[in-house]
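Marked as ATP binding site by Swiss-Prot on the basis of sequence analysis: A9, Y10, S11, G12, G13, L14, D15, T16, S17, G117. Positions annotated as L-citrulline binding site by Swiss-Prot, on the basis of sequence analysis: Y87, N123, R127, S176, S185, E261, Y273. Annotation source Swiss-Prot lists L-aspartate binding site at T119, N123, D124, citing sequence analysis.
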Amino acid sequence: MKREKIALAYSGGLDTSVMIKWLKDKYDADIIAVTGNLGQEKEIENLEQKAFDTGASGFSFLDLRKEFVENYIWPALKAGALYEEVYPLATALGRPLLAKALVDVALSEDCTMIAHGCTGKGNDQVRFEVTFASLAPHLKVLAPLREWEFNSREAEMAYAEKHGIPVSATKKSPYSIDENIWGISIECGVLEDPMVAPPEDAYQITTSPEKAPDNAAVIDIEFEQGVPVALDGRKMEGLDLIVELNKHGAAHGVGRLDMIENRVVGIKSREIYEAPAATILHFAHRELERLTLEKTVFQYKNTISQDYANLIYNGTWFSPMREALDGFVDATQKHVTGLVRVKLFKGSVTLLGRTSPWSLYNEELATYTEADTFNHKAAEGFIHLYGLGLKTYSEVQANNRK
């Protein structure tokens, strides 16, 4: 009888290394380990050999960076998606792509089951499993961390030693860290107390603002229809542009975020994020929208931005709602083209200037100099009509009080 196959989202860490052996024994199945590169800086070399040494029957490494930027990050940037107005959704954006890649491998390898290493307390289990349900509802989903017998890292280490599973014996960081090109999330340890300032060792890439250079960096960012395309006059691919902005921002202490956020599972959590490029680009993009979007579109888009952010955070990327919102967002971005000049200095991003061929700012109408072309006499009639409803309301109230 043909053995069943399980596609496992594999990072090479302790949890997923132990999972290969555990799943293989529990389900008498072959394990296909799947790793996706979203631009994380942590060690991803030698994962194939490690997976095979741990007992995997197959291994798939997928470079997803370009797809991540073009099909996930840019749509979220155009939408202005910041969860609860702060978090640029780095981890949340990466999950549907990783889940999709896992499904693709599972289908190509004729797997009957699919497994992930998410805990039963976090958001990621929702994001992975909702994506699985959307793309391959026939696959059985396995979540070992919700059901296996290990209740501590030490128990997992003992299991690994017993079965000859190669895992790192170094001291575990007190923090839980997830990283991709759009940002880094940091939690646990002393960070669980919301009154404790994050220690410097919690931050992975950004310089402390106090230790950042005393000279500011000035950067010109060009956009075409809401998408960043150039830095300082140099046309760049999206991936390269984000990498360069991350370096500039991190060096100047930009992109440190500290928030209490509402998780999908109903609890509040304290999260620390580092997102230099995301912070800079969201800021610059919004300022260009202020210049180019008509008033009612600009104001209504705030609602759409929050809806889009919630959709990403809650794990429903592959949904009719996201496709519908993309239609609205794309329509708003047709004229979000131009240049934004920003200054990076000791943790802050400051606007220095912006210009666009689609600018709705008319200096002759806005000026208070002799060049003013605004018809001041028209204001009297406008104010009369604009306030007519309130005037009528007040008159009726006054008459009825007599």
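Residue numbers in this text run from 1 along the chain shown.
Cβ coordinates are placed from backbone N, Cα and C, and glycine is handled just like the others.
What you are looking at is a predicted structure, and each value in this text was computed from that prediction instead of being measured.
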Taking Cα atoms as reference points, which of the binding-site residues Y87, N123, S176 is nearest to S17 (ATP binding site)?
S176
Please report the Cα separation of A9 (ATP binding site) and E261 (L-citrulline binding site) in Å, rounded to an integer.
26
Out of S176, S185, which of the binding-site residues has the smallest number of neighbouring Cβ atoms within 10 Å?
S176
For the ATP site built from A9, Y10, S11, G12, G13, L14, D15, T16, S17, G117, further residues of that chain with CB within 8 A of the site's CB center:
V18, M19
For D124 (L-aspartate binding site): intrachain residues, at least 6 apart, with Cβ closer than 8 Å:
T91, R95, H116, C118
I'm trying to understand the geometry here, so how far is the Cα atom of D15 (ATP binding site) from the Cα atom of Y87 (L-citrulline binding site), in Å to the nearest whole number?
27
Taking every protein chain shown into account, which of the binding-site residues S11, S17, T119, N123 has the largest tally of Cβ atoms within 10 Å of its Cβ?
S17
Comparing the binding-site residues D15, E261, which residue's C-beta has the most other C-beta atoms within 10 angstroms in this structure?
D15
Can you tell me whether DSSP puts T119 (L-aspartate binding site) in helix, strand or coil?
coil
In this structure, which of the binding-site residues A9, G13, Y87, R127, Y273 has the fewest other Cβ atoms within 10 Å of its Cβ?
G13
Output field, L-aspartate shell: CB within 8 Å of site CB centroid, site T119, N123, D124 dropped:
C118, K121, G122, Q125, V126, R127
Compare the Cα of G13 (ATP binding site) against each of the binding-site residues Y87, T119, N123, Y273 and report the nearest.
T119
Taking only the Cα atoms, work out how far S176 (L-citrulline binding site) lies from S11 (ATP binding site), in Å, as a whole number.
14
